Structures are given as C-alpha cells and as structure tokens.
Ligand SMILES: [Zn+2]
Ligand SMILES: [Zn+2]
Ligand SMILES: [Zn+2]
C-alpha cells in the first residue's frame, strides 16, 4: 500500500523526512531540500553578488550534492556567483584515483571549472610517502591537518573569495558533541558558526550551506537525482573517539530524529561566562596560517617529516617549537622520542 | 504456507564491501509458515550472505543506525512496521557511509574501533 506525498497529495512518497517527519514524493522533496538550502544561504548572507566561490569537492556525497545544489540555486535565484570546484589530491595510490575521476566527471556534468591541488606541489610530500614514514596508524593526523590548509592554499592560488564545504547537520552535531566532551570551549563557540570571516592572511572565509541538511536527506537527494558520487570518501581525520560520538548521535537519531538539530541548537545557544580564558588566536610564524602556537600544526608535521622525526606533530611538543624555528638541533633524547613509530 | 520469494537485493554506499564487494544479488527466500518480514530477512541475510563483520550491518533486530533501506525505491521508514515481503519487492540497502571508515587500506571497519 503506497504512502502518498503529504505536500502535493497525488504522487507516491519516497521518503520520510527526518527533520519534519513529512512523507514526500521525489519532486516535492527536491524542491523542499533546495529551498531550505537557499533559505540558509539568504538568511545567513553567505555570499555577495560577483564573488568567486570555490566548492570543496572530494567526489563524496556531501560535496557532490553541494556542487549540484549551488549550481541549481545560482541559476534559479540569480546569485551572480562564479562557482568552481576545488579538489585536493593527497597522493594515495588507488585511493584518490576513483574519487578524483568522479570530480572530473562532475566538472563535465555541472559545467564548472575544476582545480586539483596536490600534496606533492603544496608540501613536497604525497600521502603515500608520509604513510611510509609514519605508518598507517597515524596518517589521518597528517591527512586532516594538511587537507584543511590545502583547500586554503588552493583557493589562494585561484584567487577565490570564499570557500564552501559540504559539512552537513550530522557533521556539525558531531563536532559540537566532541567539543563538549573535550571541554574545548573555544572550538565549541566557533564550530556551529555557519561561516568564518577571514581570520587573517592566508585564510579565506569559509561557509557551510548544508549546515541544516541531514545526512539521510543528502544521501537520498544524491540517490534520487542519480548524482555521480564516490561512496568511500576518506572523512577528515577520523578517530576512534569521534567514531563513538557519531555512533552515539545516530543511535539518538533513531529514537528521536530531531536530536541532530537539537544538539546544533544547544551548541549555538551556549554562552560562555565572562572571564573564561580563551586561547589567543595568532598566526604561524613560518607560513602565516592561523595557529595558537608559534608554528601551525602543518608546519610542525612537515618539519617532522623533513627531519625524519615523524612523531613531532603527533603528540604535544609545543616546547620544541622555539628550537625548530631557530633551526637548533634537538638533543638525543628528544630525537629518540620522536623517531619511534608504533604500528 | 508462504511460497518461496525471489528477491533482488542491492547494496551500496560501501555496504557492498561486507558482501564480497558485490552490489547486486538475486536471492530466493525459502518458503516458510509465516510471511517474511524485515526482521527475518535481516537474520537470513546475516546467515546466508554476510561475509564479515555482522556488527557493521545489524544492531539488535534491525539495521544499524546510519544504514538506509529502500524498498522499491522508497524509504522503508515510510512503511508501517511489520511489512511483509512479496515477490515484487526490489530492496536496496545502503550505507550512508559516515559510520563506516574505509581507511586507506579499504578494509571497512567501525570508526569506533579504528585508531588512526
Ligand atoms: Zn509531492
Ligand atoms: Zn605554518
Ligand atoms: Zn579507520
């Protein structure tokens, strides 16, 4: 017995929306999804006419849906934006190949320019070479840190005004929860922000047009639209703790679908008592990227790789920053600690 | 006595990796006294098809949260519970992927256990 669409009432419903519990047909769902993203973009004033916007494209479902919806909305509502796809090639043999092929097809399908920046050209190291040095266990630290900067550096090369990324409601709820669990007040304050203003030289403003879109709807939007995406994307720095937070959220969502949005709202509405000490946001003295330490994480990791001390960026070794900056040699004990790699 | 049911099962979004990487499966559910429902189908899939890591696929007597199930191209959450299977059903089961870490070596595992 088919369920009918609660909006148009004459077509067969294809999904139950987690956000509203409405049953919608394909056409009504596409419309509702796109209109909501448009509403997000307009209310938060994410873009200005004439801007060049780089869409962080991994070939995964989120960024593919983002690219598609941005293209549709830019035309439907005449935003007047110049859109382009921006991809990062980490240099992982056999892993990125498929997703980069997907991005290349997206370029054709959506008729958007594409720029691929490689770790090799940005850092002088491919992920394959990094894995050889640090082992599989720690490579996500590198991948996450390097990727975040790679998008910025790529965007600067292309003189892009803004970057938008495919982070969805589930991602943001997960991050809120993580920051609560870690007691990271500074990040907790920032993580629900839909856009970040330029935080200094070398950092391009970023925004998240899919902030209020549930993962389930993104997957189904891509599926029903038959969008071409690659399903095994490497998610930014996955770790066991984050995995538990995600699984916990999904369990909550199964009981009450609004949980995802509830967590985001809690994060947005938390206010921090006056007098709580916040870390001072500075810039990396080597590359100019935002950093609360003398050296940003990427520069520390790179230094470690180049000196053959791959553990340098993995633990907390802030007190060594001065030595690194001054190009001073490390003591034998310091070196020994940093060289060991546990697999 | 319900007759045997021929079923077209599809796995996607990474879920196929738990089934030898094969996305399309044509299977026949044996005849049994009661009609087949989702709960029984999951048990059957687990016993007869699943190659590894059942905990990535089922939780309790339903699919793990984060897995989407489509029946004849419609979200199964639309159906009231206790839907029983018929021959005309084409079922697609797909991961929405975020709980499953593919890692660099492409061996799927729960993110709750990976230490990268
Ligand atoms: Zn409708
Ligand atoms: Zn730096
Ligand atoms: Zn993993």
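Glycine is treated like the rest: Cβ placed from N, Cα and C.
Heads up, TrEMBL stuff is auto-annotated, nobody curated it.
What you see is a predicted model, and the numbers here were worked out from it, not measured in a lab.
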Record-annotated ATP site (TrEMBL): member among A:37, A:88, A:134, A:145 besides A:56, A:57, A:58, A:62, A:166, A:171: A:88
Confidence summary (mean pLDDT) of the domain 'Cytoplasmic tRNA 2-thiolation protein 1 C-terminal' (A:282-312): 80
For residue A:88 (ATP binding site), nearby residues of its own chain (Cβ under 8 Å, 6 or more apart in sequence): A:58, A:116, A:117, A:118, A:119, A:147, A:150, A:151, A:154
Assigned element (helix, strand, coil) containing residue A:166 (ATP binding site), judged by DSSP: coil
Same-chain residues at least 6 apart in sequence whose Cβ lies under 8 Å from residue A:62 (ATP binding site): A:166, A:167, A:168, A:171, A:210, A:218
Max CA-CA distance, Å, over listed ATP-binding residues A:56, A:57, A:58, A:62, A:88, A:166, A:171: 20
Residue counts (helix, strand, coil, in that order) that DSSP gives for the domain 'Cytoplasmic tRNA 2-thiolation protein 1 C-terminal' (A:282-312): 10 helix, 4 strand, 17 coil
